[in-house]
Amino acid sequence: MSGRDYLHIWYLAQLAVVSFLLLLICGWEAYHGIVLVYRMIPVTLITLLGLGVAAWEKSPAWLKKGNCWLQALLQPVILSVVWGFVTRAIIVRLQLPARGVVALTMLYYLIMFTPFASEIGGQLEWVTARVFYLFWWFNVVAFGMDIALPQKFMGPHAFVVLISSGAAGAIAFFLLVTTVMRAWKLSWPGLKPRFSWDVSWWVILALIVVATALIIWNAYGTGDKWYNVLFSYHFTWKTPSRMLTAQAFEAAVGEESLARFGFLGVCLYAMRDWKDRVCWATIVSSLIFGLIHYFNMFDQQFDMTTVQAINAFLFGLFLSVVYLYTGQLWLTMLIHFLFDWTAFTVSGTATMAGHTNYLDWLTLLIEFIVLGGITAWMMFGNRRHVMERHANKLIGQDQHFGFRLNFN
C-alpha cells in the first residue's frame, strides 16, 4: 500500500466519525427545538455525500468531479466547526480541564487536513483551481481554530496566543500544502539545511546581506525627508509580546507555505514548457501574493493597503529567488519572520494604520530598484542555471512517488 492508500483509509474513517457527530448534533438540536438544526442538516448531507463518493470506487466521473469541488470548498470549514464543537463538548459535558483537552485536540488539528489534502486536493488539475483553493484553505485552516473555538474554552494564555494568532493553524496549513503538493506530484519543502554543490556561497552571502539590510531598514528606519530616508535610524528595543511574535510566525510559516511553496510551485508546473518559466513563475506568483494583501482593506485604508500590496509583490520577488536559488523554504520563512517580527515589535501592531505620504511611495521606488535589480541579476549566468535545476526539482522531476509498504 502506498502513502496515499493509507491517507484514503484515514479520510474514510475521519469522515465517518464526522458524519456520526453531525447526526448526533442534529438529533440533539432537533430534540431541544434549536433552529440551528436546519443549517446543520445540509452540512451533514454534504459530509455524507463526501463519504459515499470516497467509498464508492466506481462512482460516475461527473459525481466525483462535482463532489471534489464541493468538498474542496466546504469540507475544511466543516472539519473546523466539528473540531470546535467536540472540543467544547468534552470540556463542558465531561468537565475535563481545558488545558489538557485543548492540547490534545490542537495536536490533532495540526494533522486533521492531511487526508483531505490527499483525497480531495489531489483531484484538482486546473492551475486556477489549485491557486484559488490554496488561498481558500489558507484562510480556513490557519484561522479556523480561532473562529470555531471561543477564547473562554482555549485554556491557558499560551494556547490563546497560539490559536488566536493563527500560529498553530499555520503549521496545520503547512502540512496540508506539503501533502497536496505530493498528491500533485510536485516537490517536498526544503526544510533540511543542505545546499547543493553548484551554489555560490558568495551569492548566498549577498542575498543574506540584502535581507538583513531590508529588515533593519523596514523596522528601524526613521527618515522623514527624501535625502535621509536611507540614512536615518533609531535603534530601540521593546520586549516583544507573545501575540505579535506568534502573528509574525503565522505570517512566515503560513504565507511562505502558500506563496513560495504553493503558488510558485504551481506556476512553475503550469509554465514547465516555457522558455523563461523561472522568470515568469517568479513574477506571477509574487503578483498573486501581493494582490491577496488587498483583503487587509477590512482593517486598513485603501492607499495604505496598496502600498502594502506592492511591497509584498517586491518582497515576494526577492523571497522567490532566494527559494529558487537555495531550495530552502526554511530560509525564506526565517527572513519573512524576522522582517515582520522586528516591524511588529517596534510599531507595537501587526496592522498598518493611517494614510500614505510621498515617503511611502519613495520607499517603494527604492525597493523596486533594489529588489527588482536583485531579482533581475539572479536571472543570469550560473545563478539562473542553479534556479532552473531547483525548478525542475520543485515540479517533481527526478523524484519518486507512490512509495509502497508491503507486508507479506
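Each residue, glycine too, has its Cβ placed from N, Cα and C.
According to TrEMBL, the domain 'CAAX prenyl protease 2/Lysostaphin resistance protein A-like' annotation covers 243-341.
For 6-24 (among others), the entry in TrEMBL reads transmembrane segment. For the transmembrane segment (6-24), the list of distant contacts is 40, 43-44, 47-48, 50-51, 54-55, 78-79, 82, 85-86, 112, 114-116, 118-119, 179: same-chain residues at least six beyond its ends, Cβ to Cβ under 8 Å.
Using a Cβ-Cβ cut-off under 8 Å and counting only residues 6 or more beyond its ends in the same chain, the transmembrane segment (36-56) has close neighbours at 8, 11-12, 15-16, 18-19, 22-23, 25-26, 29-30, 63-64, 67, 70-71, 74-75, 78, 81, 119-120. What TrEMBL records for 36-56 (among others) is transmembrane segment.
Tertiary neighbourhood of the transmembrane segment (68-86): same-chain residues 14, 18, 21-22, 25, 43, 46-47, 49-50, 105, 108-109, 112-113, 116, 120-121, 123-124, 129, 133, 136-137, 140-141, 144-145, 147-149, selected by CB-CB distance under 8 Å and a gap of 6+ residues from either end. According to TrEMBL, the feature transmembrane segment maps to 68-86 (among others).
If you look up TrEMBL, you'll see 98-118 (among others) marked as transmembrane segment.
Under the heading transmembrane segment, TrEMBL lists 130-149 (among others).
Counting residues 6+ beyond its ends, the transmembrane segment (158-181) has Cβ neighbours under 8 Å at 7, 99, 102-103, 106, 109-114, 116-118, 121-122, 134, 137-138, 141-146, 149, 151, 187-189, 242-243, 246-247, 249-250, 253-254, 257-258, 261-262, 265 in the same chain. If you look up TrEMBL, you'll see 158-181 (among others) marked as transmembrane segment.
Taken from TrEMBL, the feature transmembrane segment covers 201-220 (among others).
If you look up TrEMBL, you'll see 278-295 (among others) marked as transmembrane segment.
What TrEMBL lists as transmembrane segment is 307-325 (among others). The list of residues near the transmembrane segment (307-325) in space but at least 6 beyond its ends in sequence, with Cβ under 8 angstroms from a Cβ of it, reads 190, 199, 203-204, 207, 210-211, 214, 256, 259-260, 264, 278, 281-283, 285-287, 289-291, 293-294, 296, 300, 331-332, 335-336, 339, 352, 356, 360-361, 364, 367-368, 371-372, 374-375, 378, 383, 386-387, 390-391, 394.
Here TrEMBL flags 337-355 (among others) as transmembrane segment.
Same-chain neighbours of the transmembrane segment (361-380): 203, 207, 210, 214, 226, 229-230, 278-279, 282, 307, 310-311, 314-315, 317-318, 320-321, 324-325, 387, counting only residues six or more beyond its ends whose CB sits under 8 Å from a CB of the stretch. Per TrEMBL, the feature transmembrane segment maps to 361-380 (among others).
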When the domain 'CAAX prenyl protease 2/Lysostaphin resistance protein A-like' (243-341) is classified with DSSP, how many of its residues are helical, how many are strand and how many are coil? 88 helix, 0 strand, 11 coil
Outside the transmembrane segment (98-118), at least 6 residues beyond either end, the same-chain residues with a Cβ under 8 Å of its Cβ set are 4, 7-8, 10-11, 14, 71, 75-76, 79, 83, 86-87, 90-91, 137, 141, 145, 149, 153-156, 159, 162-163, 168-169, 171-173, 175-177, 179-180, 182-183
Restricting attention to the domain 'CAAX prenyl protease 2/Lysostaphin resistance protein A-like' (243-341), give the mean pLDDT. 93
Counting only residues at least 6 beyond its ends, the same-chain positions whose CB falls under 8 A of a CB in the transmembrane segment (337-355) are 211, 214-216, 218-220, 236, 238, 240, 244-245, 247-249, 251-253, 296, 299-301, 303-305, 307-308, 315
